[in-house]
Amino acid sequence: MKFELKKTEGRARRGRLVFDRGVVETPAFMPVGTYGTVKGMTPEEVKDTGAQILLGNTFHLWLRPGQDIMRKHGDLHDFMNWHGPILTDSGGFQVFSLGHIRKIKEEGVHFRNPINGEKIFLSPEKSMEIQNDLGSDVVMIFDECTPYPATHDVAKKSMEMSLRWATRSRQRFDELENKNALFGIIQGGVYEDLRDVSLKGLLDIGFDGYAVGGLAVGEPKEDMHRILKHVCPQIPEDKPRYLMGVGKPEDLVEGVRRGIDMFDCVMPTRNARNGHLFTTDGVVKIRNAKYKDDVTSLDAECDCYTCKNYTKSYLHHLDRCNEMLGARLNTIHNLRYYQRLMQGLRDAIDAGTLDDFVADFYQRQDKPVPSLD
């Protein structure tokens, strides 16, 4: 992987990630394909929304179908027939989400398989081995996602273990002679001093890119913005910056304004299945009765298949009838909305008009522009 920083405007960055499997223009949003599929979508449909790179889930793909099946296909790209770049998370967040059925120790995490109840063990080394079999273009280190809220002491101990796991992840990645990219993950909760220690430790180890983890886990938006403002300027300019698990459209805009290059989130796909649709002028909850006889398109400015061919009334009808086509059409639109938003941000940085783009984005949604301070 090669990262090229093409232009900046304020703290915002316009760049390009170059992989053997394709080029990703940044800032970029990665649709989430948890089980080797973006729910309800073919790879061709996902590509048609403008997606350049997908996120796969190491934890879930390890449990099902497993490494043996993946190796028989070649790798995850062959398995799911997506031949663009793929970033895989390490499984750390999913283990964190298991709550009471997992035990975190220095060597790794012991837990019960949520599918069949079997005892199972995941370590930094094992995560690197699984991601190697997946053929991930970007591999994420195995870390512990610091919970929120957490005291300074709890966040410190969690961050320190994540740093030790980062060293082990790097070592096993190198032993496997993996030639793809390996990203470190900055932890430390909402505490700036802990974020500093985490980043310094990761820089000492050395990675191809740096992710900001442990945000969007319940903390106030002000804390997220404060941490990004503090951390991003300290990440080397020539390395990509990835904000994990974020988020809402305004979170992407605010992340870009603070120097983030990459994002992922289940929000556009999950919300689509619940009839929660993002448009240029705000959210449309298509389930609401007022759309029953609305014969206008979902978003007059959107060029997606859904908006070009169907009315709000039809989408409302599909939702009320629980037709699977409704979820598919909604997903196509939401993914295209996110990619159009990212394209708009890239074009604005290219043109030096980011402030105007941001002002228009918030005005259309009838919201004030958040301060960068």
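All positions are counted from 1 along the displayed chain.
Even glycines carry a Cβ here, placed using N, Cα and C.
Feature list (source: Swiss-Prot):
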ACT_SITE  Asp89  active site, proton acceptor
BINDING   Asp89, Ser90, Gly91, Gly92, Phe93, Asp143, Gln187, Gly214  substrate binding site
REGION    245-251  region 'RNA binding'
ACT_SITE  Asp264  active site, nucleophile
REGION    269-273  region 'RNA binding'
BINDING   Cys302, Cys304, Cys307, His333  Zn(2+) binding site
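Feature map: Swiss-Prot annotations on the structure.
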residue: Asp89; record: active site, proton acceptor; contacts (Cβ under 8 Å, 6+ apart): Leu55, Gly56, Asn57, Thr58, Phe59, Met140, Met244
residue: Ser90; record: substrate binding site; contacts (Cβ under 8 Å, 6+ apart): Thr58, Ser127, Gln131, Val139, Met140, Ile141, Phe142, Asp143, Ser169, Ile185
residue: Gly91; record: substrate binding site; contacts (Cβ under 8 Å, 6+ apart): Asn57, Thr58, Phe59, Trp62, Leu122, Ser127, Ile130, Phe142
residue: Gly92; record: substrate binding site; contacts (Cβ under 8 Å, 6+ apart): Ser127, Met140, Phe142, Asp143, Glu144, Cys145, Ile185, Gly213
residue: Phe93; record: substrate binding site; contacts (Cβ under 8 Å, 6+ apart): Cys145, Gly213, Met244, Gly245
residue: Gln187; record: substrate binding site; contacts (Cβ under 8 Å, 6+ apart): Asp143, Glu144, Cys145, Thr146, Ala155, Ser158, Met159, Ser162, Leu194, Arg195, Ser198, Gly213, Gly214
residue: Cys302; record: Zn(2+) binding site; contacts (Cβ under 8 Å, 6+ apart): Thr279, Thr280, His333, Arg336, Tyr337, Arg340
residue: Cys304; record: Zn(2+) binding site; contacts (Cβ under 8 Å, 6+ apart): Thr49, Ile332, His333, Arg336, Tyr337
residue: Cys307; record: Zn(2+) binding site; contacts (Cβ under 8 Å, 6+ apart): Ser297, Leu298, Asp299, Ala300, His333
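For the region 'RNA binding' (245-251), the DSSP counts in helix, strand and coil order read 3 helix, 0 strand, 4 coil. DSSP assigns His333 (Zn(2+) binding site) to a helical segment in the three-state reduction. As a whole number, the greatest separation of Cα atoms within the substrate-binding residue list Asp89, Ser90, Gly91, Gly92, Phe93, Asp143, Gln187, Gly214 is 15 Å. Counting every protein chain shown, 28 other Cβ atoms lie within 10 Å of the Cβ of His333 (Zn(2+) binding site). Of all the recorded positions listed here (Asp143, Asp264), it is Asp264 whose C-beta has the fewest other C-beta atoms within 10 angstroms. Secondary structure of the region 'RNA binding' (269-273), assigned with DSSP and counted as helix (H, G, I), strand (E, B) and coil, comes to 5 helix, 0 strand, 0 coil.
Cβ atoms within 8 Å of the centroid of the Cβ atoms of Asp89, Ser90, Gly91, Gly92, Phe93, Asp143, Gln187, Gly214 (the substrate site) belong to the same-chain residues Val95, Phe96, Met140, Ile141, Phe142, Glu144, Cys145, Ser162, Ile185, Gly213, Met244, site residues excluded. For the recorded site, Gly92 (substrate binding site), the DSSP three-state label reads helix.
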